[in-house]
């Protein structure tokens, strides 16, 4: 005899958590395999260049059989983190002048007045533009790899050959001060170091003040050969306040004063026999930043940074024949300033040549001719004997040709070793082309060596006579180096297509199985009199997943990825209009559809404005629409409203939540605990915001409590509430309650445990986001109730679930997040804390990133899953909740699967590492987080 239907249903209910765990396991395996194949780092060779390395006889001519001779004695590198190109270049070369321009006047004046010894470069970085990757690329001479982004919060020591290793190995003494990332990357390379913690983005001064304390005194000492000073104030000011802000301008003005002191000190000690007679100064950025202060991607603002070079010892005037004069403009003072362009990839090779150390084994850059020529030491005639040249320019060209010859041999050596040891290597036809270019360049070199200096030719004239032969030789070497760099950029990552394929197949199979199970359980769980009515759910199911497919298919375009929030908003509006039209056809127009549509319009404007992106603080950017309103009512009045209105809105949110809680929870202890905890949390949030405003005067104790203790109190209450809600679920006897009431209590307690922490991290935009979220949720829940009452089907409406999902996506972008690493709101991780701890700050950053888009939507899913008519059994309610969770997980899995397909198709796209790969990482993490939360929710609400 078969078991009763109720027993079969109960066994299915007990199997739901196991099903969700199985789905999580399959998705984890699929994501792991695809990630392993897609985000592999390049093969790092454990080989190092040595002073004794020599090319085999016959490989290169005798003129370049050894490493270059040193051209500078000492090197000062000042790194201004996130230094935009327009921070250094004159404003006259840009279409529009902005307040942050022309603040580093000392560099512009040097470039204008000392053209033979000072130069501004536009330095082009390779994405991703996170600090760790840029420092690693600058010192190794290689290209960054995407997977290193994950190490940005805990930088591992670099074992690949690099200029720091070569400096130490060849007896050079290094002093470092500033960003402690250098110590993490190179823990045993500095003779002296003064590191300062770098991850508190709210701290604009600690690192910079530490550098200022040690920089000028160190310039007077003789205990170093290379000095590195890494400032962080501009980077942190950008993250917190944006580029167009008063703190940013103040930082740039402070840097101008510091650089004036450095240059004056170097100049005073650069006389013959002085400490800095043959010193080279480099002021540079590791990457740029957007107007919002972000970096990590591949946009022009992020990859374009600056490098300023100055030599106190002036090279001969012939250097002007080497320097590019095609990009010269008149500055604000009417003087001509010329700008050159270089690749940051060339930094390691150029520095190695200047200091006379072996090039790092894996360096693939070219010794930049203009930066190399700015050092007066490269113009010293080192060729002796009958071939000695009297012409400065030809002598320099001969020396530079020899340097490039060694440069090319080193790169060719690396290519051969990499191709021999790497699993995949480079395509054979490309390697053959590279080999041909190298052979052609070396064949021409013999003729160049026989070149004698042209007779009686002025040193400032362009090359004549034998000069063009050297120019052709330089061009041949440059062609080889640039061609390989282009090949490396386009095909560096070794995609493991088998792992990627297996991961993709697993994702597709999981989606198919989830969809089949959803349809099957929907059919099985309907009673016989409902099965005919259940056919009406099929069109809605098809429509819901058509919206998912349309959204996911847009990921094939990098433009649509950038506009993902607008796409989700458009599809949400489409679902609202379709639902409203369907209701009007039946003659039952729902006001909730209209409210949801109007709400969606406001969300659209919120996404367009980018609330937290364009309003990084109470400051208003002039291009912002709120800024236009402030011009009408007055800036002071507008700033007062911006300070006070969030607190008033928060009070409204708290009132609504407390009223709902008082009606939702019936158990006395739980009710009073949740009510009191929620009230204290919201008061603490308001107190925190009030302590940060400039409208009130605060004592030190009050300000300390508001800025540090109040956020920590909110976090502590939230954690305690989560623990108590879990214990209540385990030990409380709630069998006497109706299932709807029981799930309502559990959902309300869990949401109230998480929401204060999320609101605290979101900042002053939080009350508006909360009101939008609650209004949207109310509309969707009311529409779901009407659907269930009309159809008498105990199943969640697929359109309601997809609307819930699309609303979550809209909230993600509404709160200023983006699916790129420069879209992470790092400042949120330090609310309530001043010091960096990787677990604590990582957890807070994760909650801020995924709070409104994953945590709250999934935990509140039972509200739209509950059946509201009284004839439904307890099993049907639980089954309906599980079906809604399965449906939501399926939507996320479909989106992630199509993202994987799009990334796989576009893996050779120009923006693959700047846009497509971050999008995949965010979607993959979001999928696993969704699966995990669904597993926990299925246990919690079971």
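Think of each number as a place in line: the chain as shown, counted from 1.
Quick reminder: no glycine exception, Cβ is built from N, Cα and C everywhere.
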Annotated transmembrane segment segment (source TrEMBL; candidates 606-631, 632-657): 632-657
The annotated transmembrane segment range in TrEMBL, which must be one of 830-849, 850-869: 850-869
Transmembrane segment according to TrEMBL, located in which of 472-496, 497-521: 497-521
Two-stretch contact, the transmembrane segment (850-869) and the transmembrane segment (709-731), at least three Cβ pairs under 8 Å: no
Recorded stretches the transmembrane segment (541-561) and the transmembrane segment (709-731) touching, at least 3 CB pairs under 8 Å: no
Interface present between the transmembrane segment (497-521) and the transmembrane segment (921-941) (three or more C-beta pairs under 8 A): no
The transmembrane segment (709-731) touching the transmembrane segment (669-689) per 3+ Cβ pairs under 8 Å rule: yes
